[in-house]
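*Asks:* Got a structure here, written out as structure tokens. Questions coming.
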Amino acid sequence: MKYNKLLSLPIHHMILILIGCMTTMIALLAIVDAAFNRSNMSLAFVMAAMTIAVLAWGMFDYQKNLFGDSKYIKLIVVLFLYLIMLALSLYYPMLFRQIWVIVFFIPVMCSLLTTYREYAYSCIFFFAYFVVYTVAGTTGMGGEADATVLSAFMRILLALGSVLLGGIVVIARHQQAKQLEVRALQQQKQQIIHMLQCFVPVGERKTQTSRKEISEMSLLLKGLWKEYGGTQTKDWEIELLSLLHFVSRVKLPDYMFEKEGKLSEFELEVVQEHCYMAKELCEGIPGFLEVQNVFLYHHEKVDGTGYPYCLKEDQIPLLSQMLGVVEVFLAMTTPRSYRQAMSKREAYEEIRKLAGTSFRADIIQAFGKVIV
């Protein structure tokens, strides 16, 4: 149970625990060594290790009581790591000679806590300080009077390798986050599609329309998008929009599908409500904003007389206009109890009359090539 709890800790807590454990063990070993050898170096080890251990455990105890996973809390840990390096190199240079290799863990630890930019800034400071400290004076990084150019070069090379290794860790974290994001988006898409498919039989009964309309709309939309010259693939968005369009009818009263006359003002308000279905389902879900907006605006008209927001011309997304065109076309070519279905040519001629008022002329022209 405690093992699982440890694994669930944030990374910055784990790093503080690691530092606390290591420095505590070093302090205990240094105390034993000081008891037998009584050397100043052992006492310096004890003082330095105990100071770092107390600070690490104190910071961990404080942070574990904080809620959330703020980036500022992580940056405090990064700052703590660099303060350890500065304090040891400036105040305990003789001690630092013994443990200078440890500083190469700092970039790797920082890579687990920072973004690309934060890591780049921290590593510029780390590498610049390391190089200056290594080459400055005759003592070098470890305080050795006989330090050679070769040893200094090797240490700088190791520092560079440490920075690059940390960079690889940052890239790996970013790639993993992207993969998880894509996987989560795919899972959310499947959940929404599965939920909508459960309402398809209800939509068929209410509208007396076959679910084949979903695939027909999807094929027409994909063809129109390609014919118009759409640069990005919109296949899954189009498939979801087609399914949403069919299922959104379940929000309407049954009698409205058979009504021949003009809708009342109240009935028009009810009809307009179906535009919000995508927003109700997808709001706040990353990756679904375009689907949400396309469906919300698919009854807008270029002359500003559409609904729900009376948008005009370029304010209306292209895919919204395309969805509107395909919707009108399928409505005209589908038979109803009160009228016969139009032919494709007749329906297209009627849609051409709406150019410049309901739809963009270039979209209607592209649609004509799709249905030929």
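Each Cβ is built from the backbone N, Cα and C atoms, and glycine gets one as well.
According to TrEMBL, the protein carries these features:
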DOMAIN    185-372  domain 'HD-GYP'
TRANSMEM  12-36  transmembrane segment
TRANSMEM  42-60  transmembrane segment
TRANSMEM  72-92  transmembrane segment
TRANSMEM  98-116  transmembrane segment
TRANSMEM  123-143  transmembrane segment
TRANSMEM  149-172  transmembrane segment
*Asks:* Mark yes when the transmembrane segment (149-172) and the transmembrane segment (72-92) have three or more Cβ pairs under 8 Å (sequence separation 6 or more) and no when they do not.
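*Replies:* The transmembrane segment (149-172) and the transmembrane segment (72-92): touching, no.
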*Asks:* Can you tell me which recorded stretch out of 12-36, 42-60, 98-116 has the most Cβ pairs within less than 8 Å of the transmembrane segment (149-172)?
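*Replies:* The listed stretch sharing the most Cβ pairs with the transmembrane segment (149-172) is 98-116.
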*Asks:* Quick test of the contact rule: Cβ under 8 Å, at least six residues beyond the ends. What residues does that give for the transmembrane segment (42-60)?
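*Replies:* Answer is 13, 16-17, 19-20, 23-24, 26-27, 30-31, 33-34, 76-77, 80, 84, 88, 92, 94-95, 98.
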*Asks:* Can you work out which residues elsewhere in the same chain, 6+ from the ends of the transmembrane segment (98-116), have a Cβ less than 8 Å from its Cβ atoms?
*Replies:* 11-12, 15, 41, 45, 71, 74-75, 77-78, 81-82, 85, 88, 122-123, 126, 130, 141-142, 155, 158-159, 161-163, 165-167, 169-170, 173-174
*Asks:* Please give the sequence-distant neighbours of the transmembrane segment (12-36): residues at least 6 beyond its ends with Cβ less than 8 Å from one of its Cβ atoms.
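*Replies:* Tertiary neighbours of the transmembrane segment (12-36) are 6, 42-43, 45-46, 49-50, 52-53, 56-57, 59-60, 63-64, 73-74, 77, 81, 84, 109, 112-113.
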*Asks:* For the domain 'HD-GYP' (185-372), report the average pLDDT of the model, please.
*Replies:* 84
